[in-house]
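Novice: Encoded as structure tokens, here's the structure I'll be asking about.
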Amino acid sequence: MDQKLSELVEELTTSGEPQLNPEKMKQLKKICKSSEEQLGHAYHLLMAQLSQEHAEIRLSAFQVLDQLFARSHQFRTLVVSNFQEFLELTLGTDHERPLPPPREVAQRLRQAATQAIRGWNEKYGAAYKKLALGFHFLKHSKQVDFQDVDARTVAERKRAEERQKRLDRIYKERSEWAAREMEEMSTEIRGCLTELESCFRLLLPFDLDLAPGAAWCPVPEKGDRDEEQPCCSKSLAACAHHPGAMDAGGPPSEDEDRDPDGFVRRHGLGSRQYTLDVELSSDSLRVRENEDNSAVIRAARDALRLIQNKLLPAACSWVQLFTRAGTYGGHLEGAIHLKAELEAALKRSRELDIVPEEGRSGETAAPGDEDEDEDDFVEVPEKEGYEACVPEHLRPECGEQRHGPGRGLEEGLAAPGSQARKRPGSDMEAFDPTSAAAQQQWPRPHGPPASPPSPRAPLAPEQAAWRAAEQARAPVVPFGVDLCYWGQEELMAGKILKCDSEHRFWKPCEVDAEVESASVSEALRSRRITFAGQFEPVQHRCRAPRPDGQLCARQDRLKCPFHGKIIPRDDAGRPLNAEDRAREQRQQLQRPAGRPDWQDPEFLRDVEAATGVDLGSSRPGGKGKGKRRKHSGLTDLKRQADTARARIAKKVFAKAAVQRVVTAMNQMDEKKHEKFANQFNYALN
């Protein structure tokens, strides 16, 4: 019976479920009813489970204890007799012994214990004095608020209050700053909205909301119609001048007011008893940009860009700050009103197809901008027949003196007097990049022109064939230090400055001392070439017997990854050497039954060393045979939290990843050593 009771308590408390199993709980109650001894044993088992450092075990144990507390007077007496320890294990009243993880389950345990103790006090407090004293101690000494749903302790409530006060102070400061900013920017917002509304009225001179059919164009009076009207627009007029234009779209006159029937007939209306709503499509409201309205559209786009990038985000942030603060009612209403007006302006701009986008195609440049661009850069056609450099045969005609590379001082003195005379200002012309003298100097090198290479004499056919054969047979090696110092008898050795004194400020003069190194000199004269040998294909096979009765056909050079070292075997797969046969017999005797060949510990260790993956060779049970968890339903406290940092660390610090990094760093060191091996300071270290 005791064994059955222990198993039931362990299964109930280590299941990890939020609710207890009703069937097992019924069996536990039945055993506890049998005798007081079993009830006391159950109490000690539950208190032992409450002492476990796992919040899920404590929560399940408390749920079992709560049900038994409500059914047995003897059990209530046992719990109340050790009530202080019970409070420490369920409520965490001792700050030196806090509730164990997981944190969420510990919070649920505290809430459940608080509600249960309050119910116990209301129901059994009069009969159990120690229970009433414990409730009074929690309420007045430990400051436990039994009305608090979260069942927080005094320290937790103080921390929450301090956090809330700090947030309120931050929100208040931000709200005051937002109120000052809104007062400063209100004028700018109103001005921007007024400017944008004026642009909309200039582009669309009627209001669609008030009178959908009131779009009329002002037409000149009849007396002025015959006169010529000045017009500077290159676009078509908005309203065509035709004989019926005055009657169809002109402003209402006094005759129409006196004759309402004529007004109805002229407009095609049957009567005045109904109204007509004209719906305009969005395509008909799009503003087309031309030369007349380009400046207005550009101003509207600038205002819309300002609203979209600065004013509307500021208004949204004001609304958010005032909403969080909750104490700036008037400012909140003003911010909401400004936000609504800005959003309405953006909506109307989208209806008119005026979008504040950068580099919009189709923008017509203003005339002033075109003039400025033309003033800055003027395209000049290139002069016909222009040559940047004067040819050699035309330089005497241009008055320039031609000096050959072999002419000396005598020839220069023997020149005619007209050419020997030096013109005034010729030195200044040489520095002027636009002068002919400077153009003569800059394309030519400072030294004498190099003579063209002399053509090589053609070789005889026999010599050419021999030379081609020798070139084909000669090895091609990359250029190195040995080729750089090829044929030099004396090499420049490295110099090291030696200073014998180590005083801080009194020093002797530095003396250059030449240190010769035999290894450096040898490296400068010779080259090390690695000879890998000639590839020889593998002719033999593994020929080890496989479980299916066939022989292994792998052609590895030294060692088979499945059967180990390759040894000579006969056609049946038996080793030819007696030592190999004896060794295989010993391995078969030592191999446990039921384990395949690929789980051999020696083979697994070789594979682990090659791949860097743990295959379980160090464990006694092989791969996947590690120690299993005793209670799989509980949360594993030793498991690392599944966070982004943990996942990245698992990938970065994996054994295979570390091995790859080590290999790459070793290769970098080898390349660096090969690159700087011929330098004396690296060679001497």
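Any Cβ shown, glycine's included, is placed from N, Cα and C.
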Novice: For which of the residue intervals 15-60, 153-198 does Swiss-Prot record coiled coil?
Specialist: 153-198
Novice: Which range, 91-118, 231-258, 539-566, does Swiss-Prot list as zinc finger?
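Specialist: So the range that Swiss-Prot calls zinc finger is 539-566.
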Novice: Short question: which residues 6 or more past the ends of the compositional bias 'Basic and acidic residues' (567-586) have a Cβ under 8 Å from it?
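Specialist: For the compositional bias 'Basic and acidic residues' (567-586), the list is 540, 543-545, 551.
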Novice: Measure from the Cβ of Cys542 (Zn(2+) binding site) and count the other Cβ atoms within 10 Å, all protein chains considered.
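Specialist: Cys542 (Zn(2+) binding site) is surrounded by 22 other Cβ atoms within 10 Å.
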Novice: Excluding Cys542, Cys552, Cys560, His563 themselves, which residues in that chain have a Cβ inside 8 Å of the centre of the Cβ atoms defining the Zn(2+) site?
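Specialist: Output for this site, in sequence order: Arg541, Arg543, Ala544, Arg554, Asp556, Phe562, Gly564, Ile566.
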Novice: Once the chains shown are all counted, how many other Cβ atoms turn up within 10 Å of the Cβ of Cys552 (Zn(2+) binding site)?
Specialist: 18
Novice: Run through the Cβ atoms and count how many others sit within 10 Å of the one on Cys560 (Zn(2+) binding site).
Specialist: 18
Novice: If you count Cβ atoms within 10 Å of the Cβ of His563 (Zn(2+) binding site), leaving out that atom itself, what do you get?
Specialist: 22
